[in-house]
Amino acid sequence: MVPTGCSWLVLSAAVLSVGAEISITPEPAQLAPGDNVTLLVRGLSGEELAYTWYAGPTLSLSYLVASYIVSTGDETPGPAHTGREAVRPDGSLDIQGLLPGHSGTYILQTLNRQLQTEVGYGHMQVYETLAQPTVLANATELVERRDTLRLLCSSPSPAEVRWFFNGDALPVAVRLGLSPDGRTLTRHSVRREEAGAYQCEVRNPVSVSRSEPLNLTVYFGPERVAIVQDSTTRTGCTIKVDFNTSLTLWCTSRSCPEPEYVWAFNGRALENGRDHLNISGMAAAQEGTYTCIAKNPKTLLSGSASVVVKLSAAAISMMIVPVPTKPEEGQDVTLTVQGYPKDLLVYAWYRGPASEPNRLLSQLPSGNWIAGPAHTGREVGFANCSLLVQKLNLTDAGRYMLKTVTVQGKTDTLELELQVAHGTAFLPSDTGVYLYK
């Protein structure tokens, strides 16, 4: 066994004795590459005439290292001699500058004065300084409960293998997935708790080396999709909102990665891809069911949550809001009616007191509206009771009155004092709204 090449190594030995109790022990027991070792021989009778050393499993000429004559001190190298071995007068063998090829079985054969031979066996294991291993994975991005994880600790040298998860020893539950040699880790139906950094470590009696971390991502969800308002979960609830106030709804879920969000209002998708939805200027038209749909692009799963948003009881009372609030001459203005009755039967707008000569227009139960005596051709009515006045002039300023009648026969009257500004100059006057029943 002629050593070849050059790499760092250390020796340790276990001893087997045959015949007379000859023992062979390396000294020191552990050596680094390039160090020197002596295979110490004990148990000799003291009557030896010659020593013969073999570096191999049998007493074969091809394994012969050297022969030594005690009386003359002559040493004759054999085929397995590397130029680093020398036999001592006491039979021990010195090896200078150890190489990996020096690992293996060593045999000492002695010849005594009675021309009898004795044989002793020893084993010397050469341990390399281990190179850094590498963790190989079938995939680093997996879907929970669907995919299988397979990790391999790749190392060129035989060694004991240990696994680490997030810097700590691998949990027992995960270790159950190890192969007999410890080099392969398999986890079926991987769980989110198994996402993290994996490392493997190789070791022998004289060397330890740990791999770089391999980060594993486990995708899951979305789960527990909920709609939150002011840090309070509102899923499945009815949210009461005051008229003309703002409301922000947040969509939350447990998901990896962060899901994609879609909002819907009364079943119709809204153009909002964010995790929150702002509702500003709350009005009757914004009452309804708001739904958040969370979609995970990796797991291809989705979940949803809904809330009902309604105007609070105090906000349901009707009121007229001009848009714009301070119209100018030449502009259009809409007298928007907030909180109009949902069971509306008919309504009528008047320019001044509620009398037939002052009637601008009326809406019939059929949904059509008809012009009244005061109609100028610039007024348009809408189903929500609102009135559009086009191309204002200064004479349009003044009192406007709305009268509504519900299916149950309930009558309400609203009054508004409209201000029209000259050109770009606003009149310093506030809008007053009055309700008569």
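Glycine is no exception: its Cβ is also placed from the backbone N, Cα and C atoms.
TrEMBL annotations: computationally assigned, not manually curated.
Taken straight from TrEMBL:
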- 1-20: signal peptide (SIGNAL)
- 133-217: domain 'Ig-like' (DOMAIN)
- 222-308: domain 'Ig-like' (DOMAIN)
Review point. To what whole number does the mean pLDDT across the domain 'Ig-like' (222-308) round?
Key: 91
Exercise for review: Over the span of the domain 'Ig-like' (222-308), count residues by DSSP class, listing helix, strand and coil in order.
Suggested key: 3 helix, 51 strand, 33 coil
Exercise for review: Provide the three-state DSSP residue tally for the domain 'Ig-like' (133-217): helix first, then strand, then coil.
Suggested key: 7 helix, 43 strand, 35 coil
